[in-house]
Amino acid sequence: MAKNNLTRVTEFILMGFMDHPKLEIPLFLVFLSFYLVTLLGNVGMIMLIQVDVKLYTPMYFFLSHLSLLDACYTSVITPQILATLATGKTVISYGHCAAQFFLFTICAGTECFLLAVMAYDRYAAIRNPLLYTVAMNPRLCWSLVVGAYVCGVSGAILRTTCTFTLSFCKDNQINFFFCDLPPLLKLACSDTANIEIVIIFFGNFVILANASVILISYLLIIKTILKVKSSGGRAKTFSTCASHITAVALFFGALIFMYLQSGSGKSLEEDKVVSVFYTVVIPMLNPLIYSLRNKDVKDAFRKVARRLQVSLSM
């Protein structure tokens, strides 16, 4: 019996939707709709930025990478959810689970760093608009983006290595809809204390460090805006940050609830809802957030729409 208990698992069973079998078809349609809208919105945003010369600025350069991350983010998770809901197959191999966790962690970590970079970019634009493109030159922009990806990949390697060096024995049922850190730690049969300290400390550091950069950037932005004499000028200047503030509030709010809040006051169902929100809903909302109140993006979209209309009418 002891020997059986120590057998290493080769696959996991995702139990996230097992409690609601009657909702499988409606959930499939909802997740499929969200996924298609997310891909259309984010890929469309990337293409729009590439084809319109007016959007060749640091702000939209960073936004194109945010859209790329969001498209990848949801593509790591949602196809697995759709396959589970469509086929009823809840089994995921050990290697697939590790790969999903690794890719998901890369996207989440990189997005944290990128949102901090975008906050600094907004400060640079507001502090000295005339020298904005000089200060945020292409070399610096690429360095910041590459730095965000390197930090995201490095963090993912650390978290994945720590998590999957744990022993997973007889119990292989993950009460979640994808391979995320909290349910995997609960499932491990080896001592997780030391590894949890490393993972949680690093994760908290990444979230809090980037949140601090964003907070400092916006404090400096507010300080700069207060120097503007007209109230209309202050409102117009601050409105350029509204989309980014909304995206930051949604993303970091979900991460803080999920990973920084004490687990004693949370239920697993709450974790599932929040996970759906930041892995599926937020990537779908970001293109809308950045385009609805953005005149440049709306003008570029109208221009492309007119070109398509002309080409189709010929």
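Just so you know, glycine gets a Cβ as well, placed from its N, Cα and C.
Annotation comment: Swiss-Prot describes 1-25 (among others) as topological domain 'Extracellular'.
Per Swiss-Prot, the feature N-linked glycosylation site maps to Asn5; the stated evidence is sequence analysis.
Look at Swiss-Prot and you will find 26-46 (among others) tagged as transmembrane segment, backed by sequence analysis. Counting only same-chain residues 6+ beyond the ends of the transmembrane segment (26-46), those with a CB under 8 A from a CB of the stretch are 17, 20, 63-64, 67-68, 70-71, 74-75, 78-79, 81-82, 85-86, 280-281, 283-284, 286-288, 290-291, 297.
The topological domain 'Cytoplasmic' feature in Swiss-Prot is assigned to 47-54 (among others); the stated evidence is sequence analysis. Here the topological domain 'Cytoplasmic' (47-54) has a mean pLDDT of 88 out of 100.
Here Swiss-Prot flags 55-75 (among others) as transmembrane segment, drawing on sequence analysis.
Look at Swiss-Prot and you will find 76-99 (among others) tagged as topological domain 'Extracellular'. Among residues of the same chain six or more beyond the topological domain 'Extracellular' (76-99), those with a C-beta under 8 A of the stretch's C-beta atoms are 9-18, 24-25, 27-28, 31-32, 34-35, 38, 107, 160, 164, 168, 174, 177-179, 279-280.
Within 10 Å of the C-beta atom of Cys189 (disulfide bond) sit 15 other C-beta atoms, taking all shown protein chains into account. Look at Cys189 (disulfide bond): DSSP puts it in coil. What Swiss-Prot lists as disulfide bond is Cys97-Cys189.
Under the heading transmembrane segment, Swiss-Prot lists 100-120 (among others). Sequence-distant neighbours of the transmembrane segment (100-120) (same chain, 6+ residues past either end, Cβ-Cβ under 8 Å): 59, 62-63, 65-66, 69-70, 72-73, 76-77, 80, 92, 144-145, 147-149, 151-153, 155-157, 159-160, 163-164, 178-181, 184, 206-207, 209-211, 213-214, 217-218, 244, 247-248, 251-252, 255, 279.
Swiss-Prot lists 121-139 (among others) with the feature topological domain 'Cytoplasmic', giving sequence analysis as the kind of evidence. Residue counts for the topological domain 'Cytoplasmic' (121-139) under DSSP, helix first, then strand, then coil, are 16 helix, 0 strand, 3 coil.
Sequence annotations record features per position, and here Swiss-Prot assigns transmembrane segment to 140-160 (among others) based on sequence analysis. Long-range contacts of the transmembrane segment (140-160) within the same chain, counting only residues at least 6 positions beyond its ends with a Cβ under 8 Å from a Cβ of the stretch, are 58, 61-62, 65, 98, 101-103, 105-114, 117, 120, 181, 198-199, 202-203, 206.
Residues or ranges marked as topological domain 'Extracellular' by Swiss-Prot: 161-197 (among others). Across the topological domain 'Extracellular' (161-197), the DSSP tally of helix, strand and coil residues reads 16 helix, 2 strand, 19 coil.
For 198-217 (among others), the entry in Swiss-Prot reads transmembrane segment, with the evidence type sequence analysis.
The annotation topological domain 'Cytoplasmic' is assigned in Swiss-Prot to 218-237 (among others). Beyond the topological domain 'Cytoplasmic' (218-237), the same-chain residues lying 6 or more positions past its ends with a Cβ under 8 Å from any Cβ of the stretch are 119, 122-123, 126-127, 245.
As annotated by Swiss-Prot, transmembrane segment applies to 238-258 (among others), with the evidence given as sequence analysis. Sequence-distant contacts of the transmembrane segment (238-258) (same chain, at least 6 residues past either end, Cβ-Cβ under 8 Å): 66, 108, 111-112, 115, 118-119, 122, 125-126, 182, 207, 210-211, 214, 218, 221-222, 225, 266, 271, 274-275, 277-278, 282, 285-286, 289-290, 293-294.
Look at Swiss-Prot and you will find 259-271 (among others) tagged as topological domain 'Extracellular', backed by sequence analysis.
For 272-292 (among others), the entry in Swiss-Prot reads transmembrane segment, with the evidence type sequence analysis. Panel annotation: around the transmembrane segment (272-292), residues 16, 31, 34-35, 37-38, 41-42, 44-45, 63, 66-67, 70-71, 73-74, 77-78, 81, 104, 176-178, 180, 243, 246-247, 250-251, 254-255, 257-258, 298, 301 of the same chain, lying at least six beyond its termini, place a Cβ under 8 Å from a Cβ of the stretch.
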Cβ packing number for Cys97 (disulfide bond), 10 Å threshold: 23
Intrachain residues whose Cβ lies under 8 Å of the topological domain 'Cytoplasmic' (121-139), provided they are six or more past its termini: 57-59, 62, 217-218, 220-221, 224-225, 237, 240-241, 244
Contacting positions for the topological domain 'Cytoplasmic' (47-54) when only residues 6+ beyond its ends and CB under 8 Å are counted: 60-61, 63-64, 296-297, 299-301, 303-304
